[in-house]
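These notes concern the structure reproduced below.
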Amino acid sequence: MLAKSCNGVGSNPTCCPLLRVIPHLSLPFMSIHCHYLIKGKHYLTAFGGIVSIPLILSEGLCLQHDSLTQSCLINTIFFTSGLITVLQVTFGVRLPILQGGTFALVTPAMAMLSMPEWKCPAWTQNASLVNTSSPLFIELQGSIMVASVLQILVGFSGLIGFLMRFIGPLTIAPTVSLIGLSLYDSAGDKVGSHWGISAMYVSTWLLIILFSQYLRRIPILVPAYSKAKKLHTSKFYIFQIMPILLGISISWLVCYLLTIYDVLPLDPAQYGHLARTDVKGDVLNKASWFTFPYPGQWGMPTVSLAGVFGMMAGIICSMAESVGDYHACARLSGAPPPPKHAISRGIGVEGLGSLLAGAFGTGNGTTSFSENVAALGITKVGSRMVILLSGVFMILIGMLGKIGAIFTTIPTPVVGGMFLIMFGVITAAGISNLQSTDMNSSRNIFVFGFSMFSALVIPNWIMKNPDFLETDVKEVDQVLRILLTTHMFIGGFLGFFLDNTIPGTKSERGLLAWNKVHLEDSSDTLATKEVYDLPFGITSCLSSQSWVLFDLQSVEMPLQTPHKT
């Protein structure tokens, strides 16, 4: 059922060598090697984003010198991402879409952790083991859990359709772009540890992108096995399947060679020392082979009002992006447009995922990966089973402690090169949402430009003048400081307010293009029911319950195509 044709249009899968459809089962049956390669493609596509989040948060959580705890964070985020992927594919929107961490929550988390109240003590700068049950970590956990309740309520109540009426490209564009721009400092610190290694990573990445675009039809022959052809050779498009892994591996290998030949300095005070691969080598010996993440593993979560408001800003941004990912995923996988009740379930399950992620202690939430959606356009296979197995694979990765430890040993400049590419793409992806608007309009230019520039100026000024926000009420001061130092919140709020108050036509604002696909509701068609109804006969059992299939008939859901961060 979720099959996409090779030429990108229609629903005939017979031209795809990777896939043949069994009509009654609505699931693809592929040869063994194709099945695992496609599963690996989705996993490797999400690899960079999932690993980056714990590495960014570790500094704010005073764990920059605690590689062992960093590895536990990486294991935990893989475990929860896999768990929520299984829940989303089975009981959520039911599209082949991967779940993972979200950069929309990284920005308010870093704003929260940068406040004077949660500043890292001086002794953590050289410590090797930090108490992860400190208020910094458990308060971040609790704030994410409480904020996720908003997403659960908005999703399962069906209110997401009403809210999306007021969110257009001029709100999404500055919000997403500022997620990338606000992390420039973190990227700069890591890139600056060795500019040569970081530049090599960028060059490698660009070279691989060049190959994947211009030489994507040149395969590598690999052995494969299928029942029909037995043992034979098959074409493996390596530059399409694993560009991220190749970029990191090549840079990592160079760092290893420079380390074993002592080209890089041994003195920690010298430039280039952090590019050595043995800086965190002891973490591999300390990490256990098997680990099992569980709720409350870092301590009992606590809640702060300021943290909750900051996380809510990120949750709202994540919801808006996810709606767009659902529509893009349905289009690329050849499925009917998702009906309102499926979108509501998907948003609700994502909220549940953020609740679980906060409870397990990832320091982040979960959201849909648009990188995974883009992978559908490459593999031409939209299968729930492939994504389901990817989720199971991530759960297994999260239970292997040595795997998380290996990720923490990635040299700092290699991580910096990854950040440089990733955050740059996020910024450009946010701006690309303006393509449906009329950018010849002075109105739109003002709204976008003012929102972006104000979101850069205000947080910078607040950070330099922290005493300005003094109301004699500690909780109010914390809320204002977090919100006004979160670039994403300021840009999104100003874009939302100005776009909905300054007069402008729907065509000028770009809303007509977003609404186009919803002129005809497909929620009652047979194909839609087969794809989006709950499994195991749950839909028929609960069809009489209005809260399950709540549908705002009067709401016109806009077509969203923003890029997930």
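A Cβ is built for glycine as well, from the same backbone N, Cα and C atoms used for every other residue.
The model shown is predicted, which means the values in this text are computed figures rather than measured ones.
The feature transmembrane segment is assigned by TrEMBL to 43-61, 73-91, 136-156, 163-183, 195-215, 236-261, 298-317, 386-408, 414-432, 444-462, 482-502.
Contact between the transmembrane segment (444-462) and the transmembrane segment (163-183) is supported: at least 3 Cβ pairs lie under 8 Å, counting only residues 6 or more apart in sequence.
In this chain, the transmembrane segment (298-317) lies in contact with the transmembrane segment (136-156); the count of Cβ pairs under 8 Å, excluding pairs fewer than 6 apart in sequence, is at least 3. Listed as Cβ neighbours of the transmembrane segment (73-91) (distance under 8 Å, sequence separation of 6 or more from its ends, same chain) are residues 46, 50-51, 53-54, 57-58, 63, 97-101, 291, 293, 297, 345-346, 349-350, 352-353, 356-357, 360-364, 366, 368, 384, 387-388, 390-401, 403-404, 407-408, 534-535, 538.
Long-range contacts of the transmembrane segment (163-183) within its own chain (CB-CB distance under 8 A, at least 6 residues past either end) are made by residues 56, 103-104, 106-107, 110, 154, 317, 319-321, 323, 419, 422-431, 433-437, 444, 447-448, 451-452, 455-456, 459, 486-488, 490-492, 494-496, 498-500, 509-511, 514, 555-558, 560, 562-563, 565.
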